[in-house]
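Encoded as structure tokens, the structure appears first; notes follow it.
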Amino acid sequence: MEATQEIIDRIAYLQAELTKYGMAYYVKDQPLVDDATYDALYRELEELEASYPQYQTEDSPTARVGGIILPGFEKAIHEIPLYSLSDVFTKEELFAFDQRVQKTLGYEPKYVCELKIDGLSISLTYEAGRLVRAATRGDGTVGENITENIKTVQSVPLRLPQEIDLEVRGECYMPKASFLALNQKREEEGLETFANPRNAAAGSLRQLDSKITASRNLSTFLYTLADFGPLQVTTQEEALVHLGELGFRINPEHHVCHSIEEVWSFIEDFHDKRSELPYEIDGIVVKVNEFAAQNSLGFTVKAPRWATAYKFPPEEAVTTIEDIDWTIGRTGVLTPTAVMTPVKVAGTTVARASLHNGDYIELKDIRLYDQVVIYKAGDIIPEVSHVVLDARPKDSVAYVLPTHCPACDSELVHLEEEVALRCINPKCPAQLKEGLAHFVSRQAMNIDGVGPRVIAQLFDRALVNDTADLYKLTKEQLIELDKIKEKSADNILSAIEASKQNSLERLLFGLGIRHVGAKAARLLAEEFETLERFFTVKEEDILAIHSIGQTIADSVVTYFATPEVRELANEFREVGVNTAYLGKKASDLAEVDSYFQGKTVVLTGKLTHYTREEAKAKIESLGGKVTGSVSKKTDLVVAGEDAGSKQTKAQNLGVLIWNEAQMVEELDKSQE
Ligand code: AMP
Ligand code: ZN
């Protein structure tokens, strides 16, 4: 399609603005706008670029979603090799390093201490300010070209503020929170989990499909250049500042020390703070600050003489496996948990650790009464590292995996490509309980007061067999339950009653369709509007929704083809549960109850508090509509400074006119 100049300008404006917001959020950790505003502008850009693809640039923020699938990774030669670091493990070794440095230099230099981020080394090449190549370290001389994947990492600038040539180096890592969420999701899906954030980051960067990398929430800290030539810097400290100015994400926890004693206290300090950081570190890197001094120290064959890495001792403990417990999740996945003699690791007492799946037990050959070494993944989750084979009892036998479901005794299956054992009995009580817990959860039907204890009793007394039965409960039945008094029974009943008015996306999410998270549920509900429609919807209709992929589409189609689901949908209707999408109006605005709800608003004149886009996005997020011209249908005109003909027209038509301050006040009120 041919674009008007106005559209071309708008696209360029949105690209630049969203890039700026992205940098503020992902690089500086200081958002400039709220998520709703960002999302609204992002969607607008996406739509414009879809209509006018000729204006979608390679460094548009929308290019970060990935999508290019490579046949394999190309080699990437490092003309200036990536060095590794010598390491030290004790205070004595650290001080000996300082002695060697001092001997060569003839004085005690200043050192910069940096956190040793536990991720993967990466190298980013910019030409004339544009990212042209990203590579892994490999053996230091030859790595792999991972440009497409790195482009999906939000903190990596695709374009620099200056048109310079640079090769920047640093670490790509997975934050602890992303790691924990990823593993949890994988476990629920019956997939293999990652041992630690480092492996997860490596696995995510080595994906041939960059969409997968994009979904993994990787981040970066950059700390050096292959060659400082282009920059006017003489110390590592200045280099870090300069990299920050160029838009790279640098780690804020670096510190210049005036003596090796000060270095030591920095190390001790972070030894304690380490578990509180949002990412994993495995030590502290100590670098001579002055480049001139670095040059006179030079390199050994592998590593610089002017730097070393102090490695933290691993926080591990040895304990005994007393038992292995199996629990059944909502999707029928069985998860084994090691029950161990309680032991202290990294500050807390640990008595249980997930063993993830049967394959894992077999691979590590974990047996009852074995002694095992445990550690904390992501500094939080206890994990079994390995069995202490020397301590294994003589009469030990391999652990026998269950063949039948501990809850319903039906035979377990081991689906292809999955590591998990599954119970596929749709009536398995353990799965149904988990399913109900999900159904009532906050993001789903949001029914307060129905916790695991209540759910267990409802099933045990056969008061509930599926989610729709919840709506048939009576007060008499609830009062019979242990620990439920009249008042809580009333509360539960009114929460159940209120949930009948939920918009479709909550019900859809609550059904627990595999791979359909809260966000996908919303998109699906928005698109198809009624539950009924899902029984006839075709796979291609689902795939037509932007940002919904094959896995979800397959899963939705399969789910709604099941006869029991038909029955369930009928039951919902019979008990009076709403099965239609109520749109922003009902679901969002039930909570916000905004003035702007359903109003048509025109913005005119110069706004100072918000940009026009921000104001528009905010009004829209509150259920209003913002249009360009004033007519009889206009409910409100907001006139900023120097408002012209639109204001006059509004006056003539008798349309309500506000100044900017009135709008801001109303917006603030709605957002409380
Ligand atoms: P190692 O892998 O133990 O030989 O340690 C060297 C690696 O530490 C480098 O290749 C980098 O990937 C990593 N590293 C993490 N943080 C830093 C940092 N602040 N400065 C230098 N290297 C770092
Ligand atoms: Zn079962």
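Cβ coordinates come from backbone N, Cα and C, glycine included.
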Based on TrEMBL, name the residue from K211, K311, K344, K364 that is recorded for the same NAD(+) site as D35, A36, T37, Y38, D39, S84, L85, E114, R137, E171, K287. K311
Distance-selected binding-site residues near ligand 1 (C-beta under 6 Å), from T37, C405, C423: none
With the Cβ under 6 Å from ligand 2 as the test, give me the qualifying entries from the binding-site residues T37, L85, K287, C408, C423, C428. C408, C423, C428
Does anything in the same chain, at least 6 positions from C405 (Zn(2+) binding site), have a Cβ under 8 Å from its Cβ, and if so what? I328, L334, E411, L412, C423, N425, C428, A430
Reduced DSSP assignment, D39 (NAD(+) binding site): helix
Cβ-Cβ neighbours of C408 (Zn(2+) binding site) (radius 10 Å): 15
Three-state composition of the domain 'BRCT' (591-666), taking helix and strand from DSSP: 28 helix, 18 strand, 30 coil
For the recorded Zn(2+) site, enumerate neighbouring residues of the same chain (Cβ within 8 Å of the Cβ centroid of C405, C408, C423, C428, site residues themselves excluded), in sequence order. I328, G332, P406, A407, D409, S410, L412, I424, N425, P429, A430, Q431
Taking the Cα atoms as reference points, how far is T37 (NAD(+) binding site) from K116 (active site, N6-AMP-lysine intermediate) in Å? 36
Averaged over the domain 'BRCT' (591-666), what pLDDT does the predicted model reach? 82
